[in-house]
Structures are given as structure tokens and as C-alpha cells.
Amino acid sequence: MRIIGLTGSIASGKSTVSAMLREPGAAVIDADAIVHHLQLPGTPVFESIVREFGPGVVRPDGSLDRQALGRIVFADPGRRRALEAIVHPAVRAEIWRQVEQYRREGRPAVVLDVPLLYESGWDRQVDEVWVVWVDAETQKARLIARSGLSPEEAEARIAAQMSLDEKARRADRIIDNRGSLDRTRAQVEAAWRAACGGEGGEPAAGSSAHHGAGSVDPGAGPCDGPGAAPEAERRGGDR
């Protein structure tokens, strides 16, 4: 089974690309959805967060106040690392549980949708990494429009993560999401076909041509039938 790591940064459009990948039949494991489930009231992760950050991160209805928690961790790298130490091990365990479930089902490929893929070391556990990229100004404008943050708050949240340009330099494939949905979809379809052994797709990192290709039918390829063990596994997880 082939494992593709999908990442980006806040307001880059990774969720849009993740949804597009489901269309040609990819099994997508959404790390954000796992985090939300693990942080429900009464779970061990929820209780650990409240112990670490105090009752101020709990809403009157007893649920986690993610905005309040976000204000704390995006302003203080030490507090962010404390949160990651609580959340990441539980998320990692659940992701691998789902990967093994898809493997037992005979799925030929799975996409790990992980926002902090590089930061948490998932790039060493997958066959290839795709990064959803936009320029810094587009990212900031989209974040402000989406969340209502001030320009200063938006800049702080963006700065708290590895830059998209750095992620793009490390990536195997880049999805340029500055343009229309149709242009993004064409790149996703082409990259999916290339990952499955066909033609097309965005060039690997380091290439000078990071522009969308024409729409490509996902077509036949290794992703349409049971595949070999992931390259990352055959290399012992070392990229």
C-alpha cells in the first residue's frame, strides 16, 4: 500500500486538496479530524490539556475552547510544544490504527492529511510528500478573510509554523493553490496519476516549473490494485 503525506500550512487550501483527492478514490486519513475527536470532553487528551492549560480553555458547555487554547499556544512556543507533547502521541497511534485498517482492507493507497507533517516527523514515514502551496500574501489575506483575525494575529499564526516555502523545498510534489479551483483540481489529478505510475503531475521540489498541468483522468496504475509495501517501510522509515 502506497502512503502519501499531504501537508500545507494554515490557509493554504490543504483541506480543499484533501477533498479533491477523495474523488479518484483515495483513502484519506485526516489528522485534524482525529485531533478534534481526541479532544472531546472526557477523553484522556482533553483531561491532560485542561490540567496543563487550566480551566480557561474550557467553554461553559464543557467543551474545549480551541480559540482560547490557540491564543495561548500561538503566542508562546514553549506552550505550543507542551500541547504537542500531549496531542501528537495520541494522534500518531490513531493514524497508524487507521493505516493498518486500510491495509487489511486491501486499499492500494492512503493519504495522510497532516498539517504539521514535517514538524512531527511524518515525512519519514511516507512514500512521498505533497505540499499545498500559496505565496505569503495570499496566505495572509485568506487567513484574515476566513477567521477575522487582525493582520498582526494572522502574521503570528503563520510565523508559528514552518514556512510554506521551506515545506515546498522539501516536498516531492507541489500543488500551487493560488489560482482557480479548476486549476488546483487539474494539478491534484495529474499528481495522483503520477503517484500511481502514470504521466503528469507537479514537478518534484527543486524543479523550475511549478505550474498546473492539464486535467488528467486518474487512469490505471498501481493505485488501482493492491500494491507493494510502502517504500518508507522498506527503507526502515528513513527517507
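Residue numbers in this text run from 1 along the chain shown.
The backbone N, Cα and C atoms fix where each Cβ goes, glycine too.
As recorded in Swiss-Prot:
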type: DOMAIN; residues: 3-206; note: domain 'DPCK'
type: BINDING; residues: A11, S12, G13, K14, S15, T16; note: ATP binding site
type: REGION; residues: 197-239; note: region 'Disordered'
type: COMPBIAS; residues: 204-230; note: compositional bias 'Low complexity'
**Request:** Please compare the binding-site residues S12, T16 by how many other CB atoms fall within 10 Å of each one's CB, and tell me which has the fewest.
**Result:** T16
**Request:** Could you check what DSSP calls S15 (ATP binding site) once collapsed to helix, strand or coil?
**Result:** helix
**Additional residues surrounding ATP, by Cβ distance to the A11, S12, G13, K14, S15, T16 centre under 8 Å** = G8, V17, V132, N177
**Complete:** Here the mean pLDDT of the domain 'DPCK' (3-206) is 91
**Prompt:** Near A11 (ATP binding site), which residues of its chain come within a Cβ-Cβ distance under 8 Å, counting only those 6 or more away in sequence?
**Reply:** V134, Q139, K140, R142, L143, R146, I158
**Request:** Measuring CB to CB from S15 (ATP binding site), give everything in the same chain under 8 Å that is also at least six residues away in sequence.
**Result:** D32, D113
